[in-house]
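Everything on this sheet refers to the single structure shown next.
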């Protein structure tokens, strides 16, 4: 019987391999022929490392510092990601976590690395409140601003500056559409009515004064005396006020006629858009008539009257211009719609002029009799 030197199992003499461990007998014979070999040496060499590992299981080995040692990778051993393997070092007992806000996430919570390294339940931290910089005195929000609303800063240019800028833009481009407050368009119309009334009052006063001076010899012979200066000034003011109301009424009748004409064309513009467009075109005429007032005060009443009549004839064509530039949404041709507007506007202005002449004529006659 052959005895295996590896596992000490008995095998037949003709066996070439051990039936228990499978080791070939030829190799065992070569090892046995080597000097110093004993059957028990292999068994002792195998049992000694096991005994050494058992005896030194609780004591860490101190390898030689001169030899490089392999570093164990927890990820390779466990086959799991870093967050699950638990291979991160535990915090040192008694150590305090940093309280710096910069080490936290933008929302004021601990970063994921800090939560995973501690291995403890997440602890809620107070939310970091953003600091508001000090605002300079001229940027303080206005009183009455509601919560969640952006504070409204006061505009640097005043309303007068904005109105002046609008006037310049309207003088350069009278037909330009601009977004502005509604009262901007009322100013040129009322100022135009005031200037025309003042201009007519000046001419009326000059005419009455010339007639009074021409008839003074006749009135003195008949025993009539002229009225005092206070009576004349009060009459002029009444004439100016009535003239202002009449001219403003005529201008707004023109605006209404333009609005009616746009509706004949089917234009979608409302009364405010028509009012704004008419006021921007009236503005150059108002400045021209103001120059005529100054010309009348220095003695050029005749020249001022001629220029005034020419400007009034041009102003009468403004409604036709605004209607001609309207958008036609009707099936009828624009020319026929324009003729319909002219007929309607003629009837409206005929009625208005009858009323205006009756009021102005009565005021003029009463002013003459009050001054004579």
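Each Cβ is built from the backbone N, Cα and C atoms, and glycine gets one as well.
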Inset, instruction - Choose the correct range: of 263-280, 281-298, which one does TrEMBL annotate as transmembrane segment? Give that range. - result: 281-298
Inset, instruction - Select from 160-181, 182-203 the stretch of residues annotated by TrEMBL as transmembrane segment. - result: 182-203
Legend entry - Mean of the pLDDT scores, which run from 0 to 100, over the domain 'Zinc-ribbon' (3-24): 79
Inset, instruction - Mind tallying the domain 'Zinc-ribbon' (3-24) by DSSP state, helix then strand then coil? - result: 0 helix, 5 strand, 17 coil
Legend entry - For the transmembrane segment (304-324), sequence-distant contacts whose Cβ falls under 8 Å of one of its Cβ atoms, 6 or more beyond its ends: 199, 203, 254, 257-258, 261-262, 265, 274, 277-278, 281-282, 285, 288-289, 292-293, 295-296, 334, 338, 341-342, 345
